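A quick write-up on the structure given underneath.
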Amino acid sequence: MNCSISGEVPEDPVVSKKSGLLFEKRLIERHISDYGKCPITGEALTADDIIPVKTGKIVKPRPVQAASIPGMLGMFQIEWDGLMLSNFALEQQLHTARQELSHALYQHDAACRVIARLKKERDEARGLLAQAERQIPMAATTAVGTTTVSNGKRAAEDEDTGPDGKKIRPGISHSVIETLTECNAGLSQQRKKRQIPATLAPVDALARYTQLNSFPLHKTNKLGILSLDIHYAKDIIATGGVDSNAVVFDRSSGQIISTLSGHSKRVTSIKFAAEGELVVSGSADKTVRVWQSSENGNYDCRHVLKDHTAEVQAVTVHATNNYFVTASLDSTWCFYDLASGLCLTQVADASESEGYTSAAFHPDGLILGTGTSGSLVKIWDVKSQANVAKFDGHVGSVTAISFSENGYFLATAAHDGVKLWDLRKLKNFRTFAPYDENTPTQSVEFDHSGSYLALGGSDIRVYQVASVKADWNHIKTFPDLSGTGKATCLKFGPDATYIAVGSMDRNLRIFGLPGEDQMEG
């Protein structure tokens, strides 16, 4: 009986309990350790499945060829010939593989040349299209509510430039300032009469919040949700991702309403405007896009705004829903008219060279807060575009800022944690440093009533808002279930009935009270 592997008579024979085949013990043990299966049948096999066979001592007969020197020389000659034939076959295979590789490289080079030619033709077509758009009457391009630019390009405008080469902006007109002032007066009066709504989630409810759902909204090849916003009346959520897409999502049904594709790099900031009919997105591709809801539920690109020369890091919409501001790493912020997409003014602080990394309007709308990559927080008077205050003390870029609903407090997040500022006395009155020095705080947000504050980093923490002197009680800590250790954005839902969280994976997570949300994530 011969070994099933070598074909020779085994010196130490064993037999498989499963297949009944005979093997040389050292050969089958080596094969099992490497592959874990029978070499003949392919079924799983372990060392416990082989049984030694007891035999008498086997004396191998000497082959006839090995009985003499000429016979042995003949054996060696046969083996040499076989080795030469095998070597020749390998050389032939190597030659064939080299030919195939050369052919593939030639095809790749040809494909690259074709792609380059197509890109050139595309750019030429875009130039012709822009030239044609300049000939369209301005009245047709600025019609509010009726015109949607089908290809997502804002009509190119012949803009004048000043002596320094910068574009001359029309500025914030007196009528716009009157609109902002009237809005401020109305909101201030409402705030004096404001009462915390009875439907607001109580503290004990927030303490029992847990993850209800996890929705995979973005692509798997580029993970990460960098920004989100919630439209409270419609209970829809917009997210901006590393995959260069924005997504509008219906939380109640758990369905994606529309995927907004057009940016070429990650979407860093996103906001709803005009009762959810418009979405404004900022991107690392240096552009801002305004998307308009259509009858079929999708959002079509209405304007592409190219006034910045570096990554757009933040977008914030004014309370009138008629204007919005963008902040960029090019050290400027732009004030836009929402309907026309026209940049009314672009503000640069000549005294500073750091870019802007975050921005938010004060609830009354006449104050703008911005955070910089140089750890500074700057407060601006929107009417005069003057820098009226600066807050320092942070370490690292200011990643997020949020004003409380009563207008008294400002929360800012940076590498060293969250700082709370009293806007009446312009000073820091409390600091939260929840993480170690290697873990930055990525996001901070007051709820709409101003009763709760949430911050996100390697986890999500919720605090109860109090006065300057009173303690801000820690209510709950939610673990970062994405496994990435980076909760990049968060926002309270209507009446703080849930918290939406985006992390550096593709999932939007909803935290709320168990039993109140019957959806399956």
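Each Cβ is built from the backbone N, Cα and C atoms, and glycine gets one as well.
Summarising model confidence by region, the domain 'U-box' (1-70) averages a pLDDT of 86. Annotation comment: TrEMBL describes 1-70 as domain 'U-box'.
The region 'Disordered' annotation in TrEMBL covers 147-170.
TrEMBL lists 260-292 (among others) with the feature repeat 'WD'.
Residues or ranges marked as repeat 'WD' by TrEMBL: 305-346 (among others).
According to TrEMBL, the feature repeat 'WD' maps to 349-390 (among others). Listed by sequence, the residues of this chain that lie at least six past the ends of the repeat 'WD' (349-390) yet keep a Cβ under 8 A from its Cβ atoms are 172, 177, 180-181, 183-184, 187-188, 191, 310-311, 313-320, 325-333, 335, 396-407, 410, 412, 414, 421, 423, 426.
What TrEMBL records for 391-431 (among others) is repeat 'WD'. Residue counts for the repeat 'WD' (391-431) under DSSP, split into helix (H, G, I), strand (E, B) and coil, are 0 helix, 22 strand, 19 coil.
Look at the repeat 'WD' (260-292): DSSP puts its residues at 0 helix, 20 strand, 13 coil.
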